[in-house]
Amino acid sequence: MNTSAPPAVSPNITVLAPGKGPWQVAFIGITTGLLSLATVTGNLLVLISFKVNTELKTVNNYFLLSLACADLIIGTFSMNLYTTYLLMGHWALGTLACDLWLALDYVASNASVMNLLLISFDRYFSVTRPLSYRAKRTPRRAALMIGLAWLVSFVLWAPAILFWQYLVGERTVLAGQCYIQFLSQPIITFGTAMAAFYLPVTVMCTLYWRIYRETENRARELAALQGSETPGKGGGSSSSSERSQPGAEGSPETPPGRCCRCCRAPRLLQAYSWKEEEEEDEGSMESLTSSEGEEPGSEVVIKMPMVDPEAQAPTKQPPRSSPNTVKRPTKKGRDRAGKGQKPRGKEQLAKRKTFSLVKEKKAARTLSAILLAFILTWTPYNIMVLVSTFCKDCVPETLWELGYWLCYVNSTINPMCYALCNKAFRDTFRLLLLCRWDKRRWRKIPKRPGSVHRTPSRQC
């Protein structure tokens, strides 16, 4: 859909030439009906996926959720009413329905553009100011920005569309047609096209270029960091199994007859892992940046007390450490770790940067797909708007109709972009379409590294 000109553009051309054959009418009706169905289905899947899969409830996906709401409005109302308009050859639903349709159409379309801008700025600041911006990047603030985007879109278009005829004292829209009255002049249409399409696209492309440059710089820094690693003899990080062997230094053997008090506790903690997971959502805030202030490579041992079932009374002595220890980064552990642990600092720093870089690239890939779809579907119509400003009769009627419908198709493509670039969306879509979501709820769902996760299970 478009925010720069009325359907079938200006009043100097006929909306749809009468006398189209039945095969043409059938083809237009079936094609546009299928596109509308695909748009509604795809964006409903986005909304349902966000509801049922908690992994998708990230700050970045809040913006995608808002974009899906705008696309759902377009697929439900705008596409079908415009198809009726085309097939009948005139507007037969009255002036009030015309103005309400245009207001809803243009508000939803402008909200789509605003949401794309929000996504672009969010990605830009996340990459260029990862510490200061992400501290302020909360769901509440994201919801506030989304609400502001919709409010601005409503204020810009709805009052002008609905009340312009009362401001000027008359309605000049031709009988049987439906278009925005104040856009009947090509020069005004040109100005709105510049403000509603060309300016936002320029800003988004500039931001994407800056994101790309910053990501490439980080990739080069990471390559240099990895190239400078020189593991020493016996250095590097030992595996967790090696560190937890009975009899190893710092982990005395557990006396026989003792058992772990926590053996039936829910599985709440996962060991810190720097392994890249494909299930990682690109907008997730559950990254390892929370330990930025901690010294890489340091660790502390969290000792899990062991209880002797034969003991008659509790003792005041501290519990002995056991092989079941969990290690996590902290500030003071490096000096206690010994000389053999020194090379782990650079290694873990490199892995943390790799993890962050992978997330940024995935997020940039989603943004690039959405931005590319937006440009490809909206540009033809807006080029025709510019041409009509200088040559009123140079654009054929059929091209106007195709160009305007191509803007609508952007709402159909967006959910496909989410699925292609985001494995979490793709898997959730598949399970919902196969009616297998309930089964998934009771199996272990892979989580991102370092996250706190309770494994779905009927048992403790």
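Using the three backbone atoms N, Cα and C, a Cβ is placed for every residue, glycine included.
Topology check against Swiss-Prot: Lys136 and Ile211 carry an identical topological domain name and occupy the same side of the membrane. Candidates considered were Cys98, Cys205; Swiss-Prot assigns the disulfide partner of Cys178 as Cys98.
Looking up Asn12, Asn410 in Swiss-Prot, the residue bearing an annotation of N-linked glycosylation site is Asn12.
The Cβ of Thr428 (phosphothreonine) lies under 8 Å from the Cβ of Leu45, Ser49, Val52, Asn53, Leu56, Trp437, each of which sits 6+ residues away along the same chain.
Thr428 (phosphothreonine) falls within a helix when secondary structure is assigned with DSSP.
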